[in-house]
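One structure is given below, encoded as structure tokens.
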Ligand SMILES: C[S@@+](CC[C@H](N)C(=O)[O-])C[C@H]1O[C@@H](n2cnc3c(N)ncnc32)[C@H](O)[C@@H]1O
């Protein structure tokens with residue numbers, strides 16, 4: 001969450017991290033709960049040294065409250081009824097997801113003292129804070145419209161404000177408000193209250209006092225041609241959200257939260273996301289975490305995304321039946337034909353999820369995607385619309401920007417290989433091959449497999465990783481050999497791009513199709529002075545049993561999915577003891593958790609061994625802006641140990 005500087009100075013001390021099954025210091029109950037997703041979550045009490053943030057209260061809240069608040073002034077009588085005991089199914093939160101981050105926001109903005117008090121009132125006096133919130137502010141369509149001042153932005157790019165019930169002297173919850181900016185006075189419609197932590201959710205209705213951040217000259221994107229209708233829509237969006245906004249769907253679509261902000265501010269916000277992730281999720285003494293370096297900027301701020309996956313739903317089944325019933329009496333064939341026509345005319349929306357709703361916003365253009373993708377989107381949408389009756393359920397359209405296919409006979413890289421000037425094409429078949437060039441390295445992979453989505457920043461991201469592993473020392477080749485493990489390697493981006501700095505490289509990846517292409521990519525890009533590159537398919541931790549790299553000469557690069565690394569992987573990584581660990585991640589919170597685990601456990605191990613060494617330390621952390629205009633920050637952390 002980003003607070004304005006003057007407010008940050010007064011914000012409470014960041015809470016200690018959430019305990020984890022990986023953390024030997026975590027309370028036993030927390031370890032058990034974290035180990036078993038079915039287990040009830042650990043209840044926070046005021047006695048607990050807040051090793052768990054104030055989410056995740058596992059027991060159903062008391063059905064009757066001993067100290068009921070005054071009757072609600074809500075219009076809806078239903079809202080006044082005492083709520084039945086809720087047999088809530090508590091789902092474990094996504095690791096490092098919105099809920100876990102939100103619980104820390106609550107601690108930071110309401111303050112630990114206030115949160116402890118709310119928990120105590122719940123435990124001792126049976127206050128049911130969700131029921132009280134529903135009575136005070138309503139929910140769903142019956143929710144109340146209120147005015148609030150935005151205090152900060154959370155890590156997901158939403159404004160946060162405090163909610164204080166009428167007559168109370170202190171807030172009881174935070175409310176998250178998409179599309180609102182810090183310091184703004186806004187009118188919101190409250191529609192949902194989190195059951196497990198003190199957070200509500202609202203829609204933004206009006207910006208009553210806009211932030212000066214929204215003021216900017218209009219700058220149109222180069223080469224973009226807009227229909228009159230689109231121009232009108234965009235003008236209306238800019239009138240509400242500011243002139244920097246380039247997307248006519250801003251305010252509805254759930255992506256690209258940062259559009260009203262200058263690019264420099266976006267980079268600073270991402271730097272702060274990294275700071276907060278390590279402060280809240282690493283479990284480390286702040287002295288062990290360096291201040292995040294400047295965010296690596298993306299050369300392209302718009303038109304950079306090389307993959308887009310718009311979704312659509314089919315007409316609800318009742319829709320068809322209703323039309324069939326209407327057509328009854330006209331004869332089966334006529335009835336079916338009419339129903340078919342109605343099905344076709346159903347208002348299909350193809351695009352992305354509406355913010356805060358389970359609805360799809362119809363998107364004809366996505367300004368962060370490349371031109372090739374946007375051109376292909378037109379035909380892709382038409383195809384779905386004309387064939388909608390053939391779909392039994394909703395689906396996702398795949399659009400991937402690619403260089404045209406390589407001639408089949410070209411299996412090795414020409415010596416005069418140069419940046420391609422070929423016009424790009426759009427691939428829509430999951431099993432087809434896409435081809436990308438990153439600097440002087442060329443990759444092919446199956447269109448449905450993973451590849452980074454912003455090609456423009458990859459050369460600088462690779463340079464940052466190369467700087468971390470260091471240049472190849474002179475003398476390499478006669479004794480001082482260097483080794484790289486690329487875990488979660490995909491189709492070989494890091495392994496192959498770094499091959500000129502190592503003698504041997506081994507990559508591992510769970511997706512068989514990616515490994516097939518990684519092997520071909522290694523072959524295509526092979527050349528003198530480059531490492532022998534091997535790939536295997538399997539779980540990342542399987543690599544450790546089959547390599548014999550000397551630890552002091554080995555670097556390990558990790559780039560796991562959002563949930564981070566498995567405990568098995570971390571344990572074996574620690575046992576290998578590579579000299580350098582480079583951790584790239586699209587979820588800085590799970591990254592911070594894993595890095596914290598490595599630092600703490602390696603220190604404990606060295607202590608047990610009386611080695612006099614301190615284990616891994618964090619040399620640097622920073623964000624890379626792979627997802628401009630959105631809240632997503634790619635984390636890059638470098639860990640070293642004494643060799
Ligand atoms: C964020 S991607 C990184 C891919 C690659 N490093 C790149 O930059 O193109 C994460 C990759 O981890 C793979 N993966 C997920 N779980 C895995 C596991 N347990 N072991 C190995 N690979 C896994 C996914 O298939 C995906 O390709």
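Count begins at 1; order follows the chain as displayed.
Any Cβ shown, glycine's included, is placed from N, Cα and C.
In sequence order, 561, 562, 626, 632, 634, 635 are the residues of the chain that are 6 or more apart from residue 586 (active site) and have a CB within less than 8 Å of its CB. The active site annotation in TrEMBL covers 586.
Residue 586 (active site) falls within neither a helix nor a strand when secondary structure is assigned with DSSP, and so counts as coil. Under the heading active site, nucleophile, TrEMBL lists 586.
According to TrEMBL, the feature S-adenosyl-L-methionine binding site maps to 452, 488, 509, 559. Taking the Cβ of residue 452 (S-adenosyl-L-methionine binding site) as centre and 10 Å as the limit, one finds 21 other Cβ atoms among all the protein chains shown.
The compositional bias 'Low complexity' annotation in TrEMBL covers 19-37 (among others).
According to TrEMBL, the compositional bias 'Low complexity' annotation covers 47-67 (among others).
Under the heading compositional bias 'Basic residues', TrEMBL lists 80-92 (among others).
Annotated compositional bias 'Basic residues' per TrEMBL: 321-330 (among others), in sequence order.
The compositional bias 'Basic and acidic residues' annotation in TrEMBL covers 331-340.
Annotated region 'Disordered' per TrEMBL: 1-99 (among others), in sequence order.
According to TrEMBL, the feature region 'Disordered' maps to 310-340 (among others).
What TrEMBL lists as region 'Disordered' is 402-422 (among others). Long-range contacts of the region 'Disordered' (402-422) within its own chain (CB-CB distance under 8 A, at least 6 residues past either end) are made by residues 433-437, 440, 442, 444, 447, 523-527.
The Cβ of residue 559 (S-adenosyl-L-methionine binding site) has 486, 487, 488, 489, 490, 494, 583, 584, 585 as same-chain neighbours under 8 Å, each 6 or more residues away in sequence. Secondary structure of the region 'Disordered' (402-422) per DSSP, as helix, strand and coil residue counts: 0 helix, 1 strand, 20 coil.
In this structure, 488 is the one among the binding-site residues 488, 509 with the smallest number of other Cβ atoms inside 10 Å of its Cβ.
Cβ proximity to the S-adenosyl-L-methionine site centre (mean Cβ of 452, 488, 509, 559, cutoff 8 Å) flags the following additional same-chain residues: 450, 486, 487, 489, 490, 493, 494, 560, 584.
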